[in-house]
Amino acid sequence: MAEERRTPAPGTNPTPGPAWAFKIATVAGIPIRVHFTFLLFLIWIAFGVRGGPDSLRVVYVLSVFLCVLLHELGHSIVALRYNIPVADITLYPIGGVARIEKRPTAKQELWIALAGPAVNVVIAALLWAALGFPGPDKIIPDLTSASSAAAVRKLIEQVMLTNVTLVLFNMIPAFPMDGGRVLRAILALNVGPQRATAMAAGIGQLIAIVAGLWAVLSGNWFYMFIALFVYIGAGQEAFVYSQAALLEGVSVAKAMMTDVRTLTVGSTLKEAADLLLATSQQDFPVLHGDSVEGVLTRDGLLRGLAAEGPGAYVAGVMARQFQIVAPGQSLAESLPELENGPLIVLDPANGNRLLGMVTAENVSEYFAVTRIVAARAQAQGSQGER
């Protein structure tokens with residue numbers, strides 16, 4: 001799976017990897033991360049492989065790991081060919097996610113989404129050829145064998161079938177699987193990306209409901225979990241895309257807070273605490289003259305009070321690395337940077353003086369107001385057509 005994710009601008013903190021995921025390697029400049037639940041999934045697979053020596057179980061598990069990684073690298077390589085940077089690759093139990101840093105066009109998304117399953121098709125075809133192109137009746141997905149040579153053959157068959165399964169599962173036309181993105185890309189070529197996303201999400205949720213009912217009736221709780229995951233993933237994709245559509249062409253200046261309370265490097269933590277309690281603001285730019293030297297966050301303030309006491313100076317506990325954006329910068333492109341804290345808006349034409357600040361809370365308020373205004377305008381437009 002390929003997921004859109006933009007990393008912060010140069011000079012800011014890098015976008016962190018997903019929670020509970022740890023880096024294991026770097027391939028072609030792309031950090032490779034493994035979510036801890038993926039390790040549990042590999043253990044479950046190992047116990048699910050019937051029979052065979054323990055060494056073959058280990059080889060099988062490592063082979064699955066490699067196939068999923070190659071799948072994600074397929075997405076990533078095609079994205080890089082389109083000059084779309086890849087933030088990282090993270091492996092989860094239900095697959096991997098290659099986080100790309102900007103939204104591709106419909107045509108680009110089509111080829112990026114197809115690249116992952118295509119890798120598994122190639123792997124399965126090569127293994128099938130290595131086995132001598134056996135028919136379905138000759139393939140037994142079982143590692144039990146009296147002969148070590150036969151056991152190795154069964155291992156190869158198992159890995160081949162796993163790749164076939166990866167292709168079939170990923171090509172289900174539902175978000176967040178690759179099939180959902182392929183469906184959206186094809187629809188977007190004809191009806192535009194926003195409507196295509198809504199249609200693809202609706203189809204995905206319908207598939208999830210049908211699969212979920214079948215899972216309940218058959219008592220298969222694992223597939224019911226997968227159906228729930230697909231249903232939530234499809235809805236989330238539609239929501240995220242609709243939010244992005246609201247921000248199309250919107251600059252940071254339109255959503256930023258302009259009435260920003262500030263502190264100075266000589267302010268004490270008691271003064272900062274008083275300001276925190278007296279206002280609804282959670283983060284405070286720290287100034288030295290007209291220059292922003294750092295940002296004191298709510299968490300930083302509380303940690304400072306606990307460690308240093310109320311008489312300590314703000315300069316000793318403030319964050320000296322912070323996100324800086326220009327007022328004309330795209331708000332949609334700036335949103336992922338909020339993962340690292342508030343965005344400080346400076347005026348480059350006026351000596352980088354502080355203009356305002358963007359936080360997750362005030363962006364949510366901007367979304368709420370914009371949605372209501374857009375919905376009212378749409379309703380009035382519909383009444384006018386009658």
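We number each residue from 1, going along the chain as drawn.
Placed from the backbone N, Cα and C atoms, the Cβ positions cover glycine too.
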Binding-site annotation, TrEMBL, Zn(2+): partner of His71, His75 in Asp178, Asp259:
Asp178
Please report how many Å separate the Cα atom of Asp178 (Zn(2+) binding site) from that of Glu72 (active site), as a whole number.
11
Would you count the other CB atoms within 10 A of the CB of Glu72 (active site), including those on all shown protein chains?
27
